[in-house]
Amino acid sequence: MDFHPSDPGPLGPSESRPPESLWASPGEGRADTENPLSNPYEAYPDESQREPLIVGRLAKRPRWWTPIAVVCATLAVFIVVSTVVVMLAFAWVHGSFSPATVTDPEAFAEVFQSRVGVVMLILIPQLCMILPTLVAAKLSPVETCQRLSLVRGHWPIWVWLAAAAATPLVGLVSSVAVGLFLEDSENLKQMSDAFRFHGQSGFLIPIALLIGATPAICEELVFRGYVQTRLTKSWGPFFGIFLSSFLFAAFHMDFVHIIAVFPLGVYLGWLSWRSGSLFPAMLAHFVNNVTSVVAVVLAPADQTEVLSAPGLTISLSIVGFGILGVTTVIMASIYYGRPTDLAAA
């Protein structure tokens, strides 16, 4: 017999429902897109999990080019805003701005040594760089918090803390490995000198919190919250974590810094994916940056080896807490399972 999609079902008009998807797992409806506590990394169901429903529309994979476009827009905004902020910071510190002063290392150092100048150079570009991500997340049909992975996840808080404690160890190992082959760039040396100056002038806590919190929030929202979540849904966790970590490292625009932070990006990406939440990665990024600033301030300016005294004391503390954190995270990740395992349960 002929049947039209608009006709009521055999149980009457009140029992008919519009098609929700081509494939769905039992018990699933629109919860994945409406519930902010849903796992943002939930994969498409396997053949064994699929249950045919009414054919309404073809299911589509997320668009892979969207996160790439967001990264390009983020980079453009960051460069434009940074250029304007540099001009304003130079005008604030030196009373005027001229292109010649930008190329003068001493003039630039004075801007970094100014409390107002360093806050302007770090805070304003970072806050502006998240605008493309927020716009893209708002335009998404998925709820904004879930799109950005700002959800609770399935790890308890104590595992977040353990993951954060392990992060400086990742940074330390990466720094030692890179230091065996490459020297710090002039840009990194200039930043280290500025941190020492502020730390020794009574501005250690504010500068540590600024360097810790601002990138931990802004960079994580872009690269782990939006980019990695989208790429992982399109191409799987391995490629999603790898590419988002590469983009995160390349965003630092300093060759030595790029190589040094790539392993950190992979670790943060793994944390976000495995926990099903962006918050552990944010906390880990914050702890890593604060530890780095404190270590730079406490170490002598002429110290070139991270394993030399008094940096040795800091390094041993990082290793001790790091090993404990890594062990805890490994055990917790096994116990609490993977996001795909939870989705299939």
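Quick reminder: no glycine exception, Cβ is built from N, Cα and C everywhere.
Taken verbatim from TrEMBL:
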| type | residues | note |
| --- | --- | --- |
| REGION | 1-45 | region 'Disordered' |
| TRANSMEM | 64-92 | transmembrane segment |
| TRANSMEM | 112-136 | transmembrane segment |
| TRANSMEM | 157-182 | transmembrane segment |
| TRANSMEM | 202-223 | transmembrane segment |
| DOMAIN | 204-290 | domain 'CAAX prenyl protease 2/Lysostaphin resistance protein A-like' |
| TRANSMEM | 235-266 | transmembrane segment |
| TRANSMEM | 278-299 | transmembrane segment |
| TRANSMEM | 311-336 | transmembrane segment |
Cβ under 8 Å to the transmembrane segment (112-136), counting only same-chain residues 6 or more beyond its ends: which ones? 66, 70, 73-74, 77-78, 81-82, 85-86, 88-89, 92-93, 148, 190-191, 193-194, 197-198, 203, 206-207, 210-211, 214-215, 217-219, 221-222, 225-226
Quickly jot the same-chain residues contacting the transmembrane segment (311-336) by Cβ under 8 Å, restricted to those at least six beyond its ends, or write none. 154-155, 159, 162-170, 172, 271, 274, 291, 294-295, 298-299, 303, 305
Recorded stretch that, among 157-182, 202-223, 235-266, has the most CB pairs under 8 Å to the transmembrane segment (64-92): 235-266
Long-range Cβ contacts under 8 Å made by the transmembrane segment (157-182), restricted to residues 6 or more beyond its ends, are 255-256, 259-264, 267-268, 271, 275, 279-280, 283-288, 291-292, 305-307, 315, 318-319, 321-326, 328-329, 332, 336
